[in-house]
Structure formats: C-alpha cells, structure tokens
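A.B. asks: Here it is, the structure, as structure tokens.
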Amino acid sequence: MEMLTFMQELKKVVTVGVVGGSDLAKISEQLGNSVTNDYDYVFSENGLVAHKDGKLIGTQSLKSFLGEEKLKEFINFTLHYIADLDIPIKRGTFIEFRSGMLNVSPIGRNCSQEERDEFEKYDKVHKIREKMVSILREKFAHHDLTFSIGGQISFDVFPRGWDKTYCLRYLDEFNEIHFFGDKTYKGGNDYEIFESERTVGHTVSSPDDTKEKCREIFLTTKGEE
C-alpha cells in the first residue's frame, strides 16, 4: 500500500482523484475497498459513476441512452464476431455490461493473469483488438460510438463524449487539473482527457513513475491545483 501512503501525503497539498474505465468493483479490487474514501474523487467507468468524499454524486446509463434495440444489435454482432475469431485461447465473459459502457474482451474477462499476459503479447503482434475495433466502428458508425482500447485484454464501447473527459464536468471549481495516464496515445483510453484543454497532461509508464512526477510537481515546489 505504498502508493496509498503517498497519495495520503499528496492529499495534504492538492485534491486527488482517480478516473478509470473499469467499474467500481474492479477499481476497488485494484486500489482497495475503501477507495471512495481514500481519494477526494473516484470516477469509475470514465466518470459515468462519480463519487466525491465517499458519496455517489452522479450516474449515467448506457441502456437508457442507446435503447434496447441498438444495444441488442451491437451485442449480437460482437458475439458472432468473437465466435468466429481464431485466437489461441478463449475463456468466458466476452462482453461485460456496465452502467455507462460495454467492455468487450476477445479472450474473455475471466481468464487467469498468466493468460491475460499471454494475450497482451499476442495482441501486440496480431492486433486482434485493433482490427475488431476497426470493423465495429465501420459497422456501427450510425450509432456514433467511441471505441477505446485499454488494459491488457479488452476495449470499451460508449457514446461519443463519454470518454474520460466526462469526469471533468464534476471539476468546474478547479482552475488547474493535472492528469496522469499511460495510454495517452491516439486510440488509448487516456487520450481524450490527456489532450483536453481543461487538463495539463502527463504520460506515465508505471505507478513509480506517477509518484515521481507527482512528487516533482506538487511536493517539491508545493504546486497547487
């Protein structure tokens, strides 16, 4: 919990928030069950589910936005595509339905960590996710959806504008917002918020790199958000 200790130190100087594409359960798994109390803001599903000081302050629903017919059309096509996909292994949970997005995984989300690592390597060479996104983007252009590749095994699908910049609507009171992320390249799930004129973007390569950059910006110079 070295990172959490550092974040507590950081919170004394600036307001600290976390934004992730995953749902709150997954973020809690990664950052601890008390995550909504450990950080000033926690934005799960890109901010479509938003917490401040441990309290829920906003939610958005993909189901009510798209409607059942469009959702069903997309899910059916995607499952057919995955069924026909020839990759070394497949497990289960190929589509995870979240409050504000769909998470699509060609290998299936309930693979082991070892299988996850193997798929990531395979995907880097064979571009499985990239090709799939390209086909879905073309097929469902009329739905005005955004496709965002993140993590090791999956990509997120959501209406345009529901990327990580969505969380910024809760941060109007701040004049300066620093964002730290690793997938800041075009097509990565940090790209839009990294590029946003509302943020000062920083590309990081690891938790240690994040700590180092935060220490440099906020704790050495006592910068203010």
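Glycine is no exception: its Cβ is also placed from the backbone N, Cα and C atoms.
So TrEMBL lists these for the protein:
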type: BINDING; residues: R98, R109, R116, S154, D156; note: alpha-D-mannose 1-phosphate binding site
type: BINDING; residues: D182, F194, T199; note: Mg(2+) binding site
A.B. asks: For the alpha-D-mannose 1-phosphate site as recorded (R98, R109, R116, S154, D156), determine the largest distance between any two Cα atoms, in Å, rounded to the nearest integer.
C.D. replies: 21
A.B. asks: How big is the gap, in Å, between the Cα of R116 (alpha-D-mannose 1-phosphate binding site) and that of T199 (Mg(2+) binding site), rounded to a whole number?
C.D. replies: 32
A.B. asks: Determine, using Cα-Cα distances only, which of these binding-site residues is closest to R109 (alpha-D-mannose 1-phosphate binding site): D182, F194, T199.
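C.D. replies: Given the candidates D182, F194, T199, the nearest one is D182.
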A.B. asks: Tell me the Cβ contacts of T199 (Mg(2+) binding site) under 8 Å, same chain only and six or more apart in sequence, or just say none.
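C.D. replies: Looking at Cβ-Cβ distances below 8 Å from T199 (Mg(2+) binding site), excluding near sequence neighbours, one finds L168, I177, H178, F179, I193.
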A.B. asks: Using DSSP and collapsing to three states, where does T199 (Mg(2+) binding site) fall: helix, strand or coil?
C.D. replies: strand
A.B. asks: For S154 (alpha-D-mannose 1-phosphate binding site), which residues of its chain lie six or more apart in sequence with Cβ-Cβ distance below 8 Å?
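C.D. replies: Listed in sequence order: E96, N103, V104, S105, P106, R109, R129.
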A.B. asks: What other residues of the same chain, not counting D182, F194, T199, have a CB atom within 8 A of the CB centroid of the Mg(2+) site?
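C.D. replies: Close Cβ neighbours, site residues excluded: F179, F180, G181, T184, D190, Y191, I193, E195, G201, H202, T203.
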